[in-house]
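Asks: Copied straight from TrEMBL:
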TRANSMEM  24-42  transmembrane segment
TRANSMEM  48-68  transmembrane segment
TRANSMEM  104-123  transmembrane segment
TRANSMEM  135-152  transmembrane segment
TRANSMEM  164-181  transmembrane segment
TRANSMEM  193-214  transmembrane segment
TRANSMEM  234-255  transmembrane segment
Amino acid sequence: MKGSKRPIHAVTTWFRRQPPKMKAFLAVLFGLTALLFLRIVVHDHDSLFVAAEFVHALGISVLIYKLTKEKTCAGLSLKSQELTAIFLGVRLYCSFVMEYDIHTLLDMATFGTTIWVIYMIRFRLNSSYMDDKDNLAIYYVVIPCAVLSLFIHPTTRHHTINRILWAFCVYLEAVSVLPQLRVMQNTKIVEPFTAHYVFALGIARFLSCAHWVLQVLDTRGRLLTALGYGLWPSLVLLSEIVQTFILADFCYYYVKSLVGGQLVVRLPSGVV
């Protein structure tokens with residue numbers, strides 16, 4: 001067992017010593033390699049979206065276990081959950097008035113669970129909530145997304161307000177995890193259940209991003225033109241990529257801790 005860990009330890013040590021630009025290049029290279037692997041192995045790329053929802057559900061299940069069995073919300077960001085509820089609520093409204101499909105049902109289930117998590121943190125487990133660590137003001141996230149959606153939104157035939165709201169929920173989803181990352185940055189040590197939940201978010205968002213990128217490649221760009229014209233199609237794809245890279249750094253340290261047999265994830269200064 002120790003012999004199998006030595007090459008991994010050597011690789012992680014080498015990676016940690018690389019300058020930031022080299023780390024960014026290697027991360028992009030790894031992402032492109034993973035996309036190529038998925039394109040070859042997964043024939044129905046729509047199944048990647050289903051896989052993303054399944055992994056997200058696993059993460060939520062871990063969160064539910066933490067809140068019900070461990071009776072603590074330590075390490076969780078209430079603000080991230082509130083941002084999640086906001087973009088899900090807006091997306092549900094858009095789904096009902098613009099395009100009702102299976103995604104709407106999945107969003108309803110996630111929205112209901114998120115509201116329950118918010119209730120547990122605010123009222124049932126408030127004594128364990130790290131209010132001083134959850135210190136990223138929501139308006140720093142919401143206002144830029146709202147302003148951006150006013151100027152760059154879909155060019156479909158739907159009502160202007162609905163198109164702006166659609167863009168708003170896309171932008172907000174991309175950055176809704178930022179308060180959770182701030183909590184982990186402040187604590188430096190992430191306990192197992194929170195780490196599992198955030199890692200599941202990272203994997204789910206990578207699969208969702210892969211679904212979008214591969215769909216664009218499969219349609220030779222026609223998918224982007226189907227979304228409208230102007231900057232909106234590009235920003236939709238960029239939002240998916242941003243969601244993935246925001247969590248990429250944490251996922252690296254999660255895997256490193258898991259391979260090293262550590263129960264908690266220790267983050268050095270400057271991470272996330």
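Each Cβ is built from the backbone N, Cα and C atoms, and glycine gets one as well.
Are these features on the surface or tucked inside, and what are their neighbours?
Replies: Remote same-chain partners of the transmembrane segment (48-68), defined as residues 6 or more beyond its termini with a Cβ less than 8 Å from a stretch Cβ, comprise 38, 42, 76, 106, 110, 113, 117, 120-121, 125, 193-194, 196-201, 203-205, 207-208, 210-211, 214.
Within its own chain, the transmembrane segment (135-152) is flanked in space by residues 77, 79, 82-83, 86, 164-165, 167-168, 171-172, 175-176, 178-179, 182, 186, 230-232, 235, which lie at least six positions past its ends and keep a Cβ under 8 Å from the stretch.
Beyond its flanks by at least six residues, the transmembrane segment (164-181) meets 76-77, 79-80, 83-84, 86-88, 90-91, 93-94, 98, 134, 136, 138, 141-142, 144-146, 148-150, 152-154, 158, 198, 201, 232, 235-236, 239-240, 242-243, 246-247, 250, 272 of its own chain at Cβ-Cβ distances under 8 Å.
Same-chain residues lying 6 or more positions outside the transmembrane segment (193-214) and placing a CB less than 8 Å from one of its CB atoms are 31, 34-35, 38-39, 45-46, 48-49, 51-53, 55-56, 58-60, 62-63, 65-66, 70, 74-76, 177, 180, 184, 236-237, 240-241, 243-244, 247-248, 250-251, 254, 257, 264-265.
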